[in-house]
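Colleague: Below is a structure I'd like to ask you about.
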Amino acid sequence: MYEERKRGKFVILLFSYYRFAVILTSLDSCNKCQKNFSNLNLQKLCPIFFLTFFHRQNYVYAGQENIPKGVAKSEAHLYEKKGPTWKCLDGSTTIPYEAINDDYCDCVDGSDEPGTSACPNGKFFCTNSGHIPSYIPSNRVNDGVCEPECCDGSDEYDGKIECPNICEEVGAEYRRLAEELAKTRAKGAQIKSEYIKYGIKSKQNLESDLERLKTLLESAKIKVAEREAALKKVQEKEEAESKTKDHMRIQKCQEKIRTLREREESLHEQVDTLLSILKDMKKDHNQNYHDMAVKTAIKGYDEFVEEYEREMEENTELDQEDEIEIETLDHMHIQKCQEKIKTLREREEKLREQVDTLLSILKDMKKDHNQNYHDMAVKTAIKGYDEFVEEYEREMEENTEPDQEDEIGYEEVKEAAPRAPEIDISLPSYSERILSAILDVYNDILETFGLSEYVIRKAEQQYSRPSAGGKSKDLVAAFDAYDKAEEERKNIENDINEINRKLEKDYGTQREFAKLDSECFSHDAKDYTYTICMFDKATQKSNKDHVTTHLGYFEKWIGAESKEDHKYYTAQSYTRGTRCWNGPDRSVKLYLECGIENKILSVTEPEKCEYILKMITPAVCPLIEKLSHEEL
């Protein structure tokens, strides 16, 4: 394979030799050559000299006779001729030394063609005297384009295009910019040093405040415990007093229940009396008379009895339950007692309606019956009805006084409100629980006595906790003292949590970013104004309708994967912004560069709802002692 390629190269070489021999042996070329040599022998060698120079220019720099073209002086030893062959730099192949820069790629790594474009992975060295040397891909050599990285024009040596050597101008401009950058970095480094001092000092202050607050917190906890004990003591005292009052209320309630039971028994007797009158009339009346008034009364009686017997069965079950509970009534909540009173009142009202129904049946029969029939059963019923009405009206007159035994006025409701059930005040939100418990008890009492919704709302507003003007001044004072102590404890804990949050926040290796925490910087981008509040959030405000959109909240540093990398603190991400229409949540990537001020330079949106902000800040400038180690 190599022999075939060698023969091909030989043919090309002969063709090139012939072409250039023709050119160089032309009259003009030879005359130009021979003018420089007076010796005849030297004049004859002119064509050969030019051919030799052509071959040499493929791998020799002027002033560097033994260095192939495209090779840096620092790597010349790798191309030093030590025999007829040369090994590729990756060690993969050995080729004739003359195959270097022969415009044919022999080595896998492209190292044999540093000065030609034969190898796609080769590299060409530009000396760039007066500026900084550089490498370009060797496939750009002699491509007809002047590479900016080769300011000396050495990449286009075949003459297709003339690339001027502008390294002096480029170098001068580069050095000017480098000097400006150095000044910026130096000034930024000074400002950053102040940032670092601030960060260190602020951390010391925070740690000092933290120790002080921890001491205050212990004192606050002791104070809360003392206030809690005092509150419990007042509560126990008031509970003891309220138990006495509650006992009196229970006794009153029990008396009322007994009274209602007696009334119920009396009404039952009245119903039974009227039923007995109608029952006897139904059984003994003369059916041959066909008195329509009597028949109507009997029909009403039958319908009444059917409904009455069903109700009596239900009431019997309730009465059995009441008999069991009435024995333990003094251990029950007063609400339970009032529920019983309410039930008995409803039953009393129902019995009165039943008495009225039976009286109405007998009254209509008395008025409408046929007196010509002389039915003794009917007459007996009418007589029994008249006697019952006379006794009934007399009893009603005797009971005209208003029944106030179980009526509790507004003042008693107010008095009952503070007497809440046992409450666990060891939990943090004690005031809220007290308020809720008091309202629950208070609402139960109001509901029991049928007070209006207006009164309930008024009571909730005015008596959500014990009134300072009521009977529980000591309890109110104890609550206030406890609440105040608890509030002080919470405030101290909140301050401690805030300090810990700041101490845990990553402000950089030397806390250089602490100065910027929550500082906001804005950038007007025509339609919108973008604002970044460091370590907090990013927003977008329309310059037309002034609507603000959240772009994200601070998440983390993203300059590099590891904090050991100095680029780690050069970029931040802000996520969880307002969701885009048919898109993702908005987010921001903030890239930081060295500058002598804090300023947003640009805002772009390369992807939908994903924003990139570029900002300068002294916080990322390298410190002065590090500048000497960096390449300008």
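Backbone N, Cα and C atoms are what each Cβ position is placed from, and that goes for glycine too.
Any TrEMBL annotation is an automated prediction that lacks curation.
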Colleague: Of the ranges 72-102, 475-505, 506-536, 568-598, which one does TrEMBL list as coiled coil?
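Modeller: Going through 72-102, 475-505, 506-536, 568-598 one by one, TrEMBL gives coiled coil for 475-505.
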Colleague: Report the DSSP secondary-structure composition of the domain 'MRH' (518-623) as helix, strand and coil residue counts.
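Modeller: So the counts come to 8 helix, 61 strand, 37 coil.
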Colleague: For the domain 'MRH' (518-623), would you mind checking the mean pLDDT of the predicted model?
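Modeller: Here the predicted model's pLDDT, averaged over the domain 'MRH' (518-623), is 96.
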